[in-house]
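For reference, TrEMBL has these:
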type	residues	note
DOMAIN	41-73	domain 'EGF-like'
DOMAIN	485-524	domain 'EGF-like'
DOMAIN	579-613	domain 'EGF-like'
DOMAIN	693-736	domain 'EGF-like'
SIGNAL	1-28	signal peptide
TRANSMEM	759-781	transmembrane segment
Amino acid sequence: MLFFPLPCCRQVITMSCVLGFFGSVSLAKESSCRMGRFGPDCAFQCRCLGQCDESGECVDSDCQVGWFGPLCQYKDGALISHLYSSPTIDLGVTRNGEECHAIQSPFLMVVTLDFYIKVLSLRLVVAKGPPLNISIEYIGYDGYRTNCDNEVLLRFANRSTSVEFTCQAKELIKYIRYSITSNTSLCMFNINKGRLMPLDTSAANSTSSGPESQSFKEVADGCSDTNNLCGCNALYPNAEVHVIGLTARYNSNIDSVYLYISRNSTRYFIPLYLLLRAISKNETTILNYMQRVPEGAVARFPLIHGEQIKRIEIRFISDNTPLYIPIYICEVEAYGVCPMGKYGLDCSSDCDKECGSRCHDIDGACKYTSADNETGLILTCPVGKYGEGCLRSCDYCNNGRCQHDGLCLVGCLGFSNPPKCDKPCTITTYGVNCDNNCSRNCFESRCRDRTGVCQIGCFSATNYPECTLPCDTGYGLNCTQTCNRCFGNYCLYNGTCAYGCIGYINPPTCNITCPPGYYGTNCSHQCIQCLHSNCSPSTGLCIEGCIGGNDFPYCRQACSKGNYGANCSLSCNKCLNFNCSSDGICLGDCVGFSNPPHCNLTCKEGTYGINCNRTCPECFKNLCDPSSGHCTLGCLGYSDPPHCSTKCFRTLHGLNCLQKCSANCYQSICQSTTGKCMEGCEDYNDPPECTHECLNNSHGYNCFCHEYCSECSNKSGICDKCKPGFLPDQSKKSCFYDQLLDFNHTLLTEPEDTPLNQFVYFIPISFFIVAFFNCMVAVYFHRLRQARRLNLWEHE
């Protein structure tokens, strides 16, 4: 049987192959791993001479010596062998493919292995040339023999063909016999011992006299050096409680286990034995195998049947060794392949249905039993292939079937002109012989030539690339164009509006925007609530502001009392009680303005209040607030601006009562607004100005007081007291000079010379006093009568 790589719909990582290999490996791309690691969980080691990329492909290098195959993951048993050939040739270089050697028929090559191993497959790399005739025989224990020539995998390169014989021997093999009966050139041969499968370590128990428990993490770290360069773990000789536990990370078949033991472990105690127990997925013990610790420091445990191993347990047994003397296990390696029907690095993928259960362990290539007429191994190509090496695909044929010459049997797929099928479908046709038109749901009616699914995207449809579901909303390429011009956001597949326009006119195309001041369905509504009638043509929401509303941009809520205009930002302060309409027209009288209801005329200077019908009270320069009447510059004759309700004290006047009344005013009392002496003057004779001084030595209130009068009554001018030497006249408003009183006064004030003089003067003075008294009494009664007459006249 032969393997052929088939087309795969998975996303693959294409890798360049080592000598003798070609094609692509189907591997899911992993996240970045540290240097030297790749694959799922970064569990696989790079086996390239140089570096690997993230997929495990060698970067500008081949596999390390001892490894071969896809991603260099297969352990090569040819390095532990001795070669014999007839006729004799130097076969040493065939282990690494450095040269190709021409061989003549018949040619015999026998490979003798250093020890019995489980052989999983064989590989020969031969140069392209005449057909290859070959037979292979396995030789094992007790004369066990079996042929291996019925399962073959071919891979073609530019100058060579890699032939992989995938049969597995049922026993351990010591010899392999190759018989070639055709002339060819042998470039390389390999013996597949399996690929290294990742193991996980588990914790171990310990005895009371031994060390503390440990994890044995270094026995599966990928370093098999036995000189303790990268760490070894101690295993103590107590088979019951001190065990290395290893779990297979993936569901793979394990065919052999290798233990690398420190070279220092065997120099003191002999014999020493290791016991390996292999446990299957259903907890069945597959193998209990005891082996003496080898002096070569590598213990090999072959598992003949290749089971899916769940766990491996390793114990150290020695009857004569103290419990505290260990051996050191440096590395444990498990080799195997994926179970039947699985492939991939982690054996997680199923073989393609075309392969049945027979596919390659890593890349999933199918095995076939056909043979190629060039190599002598393939007779017919598998379905879907033709040409040299069956490398060409019939994918342009309907059902993927073609003849050996590539002609299609049942029509073309994605092409026309059967059976040659050499004319591709146009961009708008597809299918068998290009007989089908691409769906109108495909953008620009372009679709895939074979399947008919849309190529660029959907047109007014979703679920690309099938594009079978209509748009929920929108239209055009993948429903990305909106139907926002259409009522209900619903439009037909071509974008025309089925139920009218929103924000536009001219249905169904709806290609003309609403004129200013209009919005809604076919522009049938006005933006009356919006400032300057400016609103969104589709939603009606105001753009600049509201008229008579304060919930911008909706403008549906009326202004509260006292406000109007854009966003209710204007006050109805011209109106009585702030009562106005949405446009600011007063719904009653004005305040501080006239001309109701517009109230557009400011009150004249000196007026205020309702319709300006009141005058400004007691305000300086007669200026007041036209609404409230409050004095704006201060009070005139009042002291409490701006209300001006408290009159000035009688001795103050003017702006806010800050000026004192003139001292010319009687008792400094003046009029509060003008400062004039309304109560009369003091020592001035021209009330209320009081600017002219008294004449003729008069004084007092309005100059009423006579010059010889020392005290006058208020305002009447009646002299209450005359100056010394003067007597009041009959009107009592002035005083006259009294000569007698002046004479007596002189006498009284002259000095007395002698008692006689005093006596001489006393007699006439006494006489005069008596006469004067009588005269004064008469005068008194005369003036009393005059005064009574004067009072009566004043009252009249």
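Numbers run from 1 along the shown chain.
Glycine is treated like the rest: Cβ placed from N, Cα and C.
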Mean predicted confidence [pLDDT] for the domain 'EGF-like' (41-73): 87
Residues from the same chain, set at least six apart from the ends of the domain 'EGF-like' (485-524), whose C-beta lies under 8 A from its own: 440, 459-461, 470-471, 473, 475-476, 533-540
DSSP helix/strand/coil residue counts for the domain 'EGF-like' (485-524): 3 helix, 12 strand, 25 coil
Summary of DSSP states over the domain 'EGF-like' (41-73), given as helix, strand and coil counts: 5 helix, 10 strand, 18 coil
